[in-house]
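Here's the structure we're looking at; comments come further down.
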Amino acid sequence: MTPGDSLSVAVPVVDPDRYDEQLDDKRVHLTEQFARFSPPPLEVYPSPASHYRQRCEFRVWHEGEDLFYAMFENDREIPGKKRVIRLDTYPVASRQINDLMPRLLEAVRDNTVLRRKLFQAEFLTTLSGDALITLIYHRQLDDEWEVEARKLQTRLGAMIIGRARKQRRVLERDHVWERLRVDGREFHYQQVENSFTQPNAAICQSMLSWARDVTQGSEARDLVEFYCGNGNFTVALAENFRRVLATEISRTSVASAKINLAANGIDNAYVARMSAEEFAAALRGDKGGRRVAEMALDDYDFCTVLVDPPRAGLDKASCDQLRGYDRIVYISCNPETLAENLAHLGRTHAVTRFALFDQFPWTPHCECGVVLDKRRP
């Protein structure tokens with residue numbers, strides 16, 4: 001079995017007594033990194049020091065009769081080689097995941113049907129108590145597997161999905177339901193397995209609260225959102241605007257976003273399956289067709305744009321498009337590409353809010369929120 005790149009990460013060392021220290025290191029670094037943009041004081045949102053990840057994936061390692069969870073780290077002594085790290089617990093994962101981890105292995109270890117060619121387990125949990133486990137195999141799954149998997153589902157009290165090449169067997173449903181509490185409100189989100197959701201639910205609540213705060217006073221005008229995913233921000237921000245138009249390229253995420261809008265009784269938001277580049281072309285009048293017609297772009301009066309791009313950030317064309325809006329709300333999972341984009345956006349906009357969300361404690365990674373308002377002549 002060869003270590004996979006997706007699990008080739010340093011295993012975080014959790015020491016709750018040092019949490020404030022590691023957070024302060026990030027605060028200092030971000031403050032220095034973005035000083036050239038003259039931002040206001042950094043707003044810092046801490047995470048729980050442990051048990052904050054609601055989703056995790058582990059390789060399942062077979063070693064003789066033994067079976068254990070594994071991640072991989074680069075071998076410091078042999079360049080290019082990875083070493084297996086055995087995980088019996090995972091302190092960054094939710095308590096629910098830590099409870100399920102040993103129970104799953106115990107059930108699978110002596111069950112030849114469930115164990116055979118099992119190579120990965122993915123856990124998805126919620127603050128509201130839902131749990132879903134995806135078991136991934138290097139073999140096709142048959143009816144015998146499903147019989148045993150249903151017994152496992154009952155034993156664990158968690159939904160089970162089996163995956164193999166070009167195959168997916170869903171025993172109950174392919175999603176969990178999360179309830180997030182934000183500013184005294186409760187928002188309901190369908191989260192589909194194998195699609196993107198915010199991993200740190202506590203920090204997600206902080207991000208939604210911050211985004212609601214920075215967009216207050218916009219009720220007479222409209223919001224456009226790129227990379228909306230399952231409607232995480234769309235749902236929480238809809239009441240701050242007259243109308244919301246959100247775009248997303250993933251079919252699964254678009255379907256989930258529409259379900260989430262309905263589940264929260266939101267009727268002033270529309271989700272279009274379209275890339276950011278396609279939407280820019282539609283706004284310029286360079287793209288037509290049924291999907292563009294359904295958006296009825298002439299009916300909108302956009303004042304604010306929200307972007308939550310992948311780690312690569314935005315390309316120059318996207319930045320040029322954003323500069324046409326009065327207010328830009330930029331959520332970033334990569335400060336390096338955020339800084340590159342701000343150098344471009346800062347020609348027409350000034351940073352008026354700046355936040356650090358500690359999405360991934362015990363790692364160098366930071367999640368940032370920035371508000372840019374158009375400079376007045």
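Each Cβ is built from the backbone N, Cα and C atoms, and glycine gets one as well.
TrEMBL does not curate its annotations; it predicts them automatically.
Site annotation (TrEMBL, ligand S-adenosyl-L-methionine) includes Q198, Y227, N232, D308; from E172, E248, E294, the additional listed residue is E248. In the three-state DSSP scheme, Y227 (S-adenosyl-L-methionine binding site) falls into the coil class. Spanning the residues Q198, Y227, N232, E248, D308 that the record associates with binding S-adenosyl-L-methionine, the maximal Cα-Cα distance equals 16 Å. Within 10 Å of the Cβ of D308 (S-adenosyl-L-methionine binding site) there are 21 other Cβ atoms, across all protein chains. Those residues of the chain, other than Q198, Y227, N232, E248, D308, with a C-beta within 8 angstroms of the mean position of the S-adenosyl-L-methionine site C-beta atoms are F196, C228, G229, N230, G231, F233, S253, I331. Closest to E367 (active site, proton acceptor) by Cα-Cα distance, out of the recorded positions Q198, Y227, E248, C333, is C333. In this structure the C-alpha atoms belonging to Q198 (S-adenosyl-L-methionine binding site) and C333 (active site, nucleophile) are separated by 11 Å.
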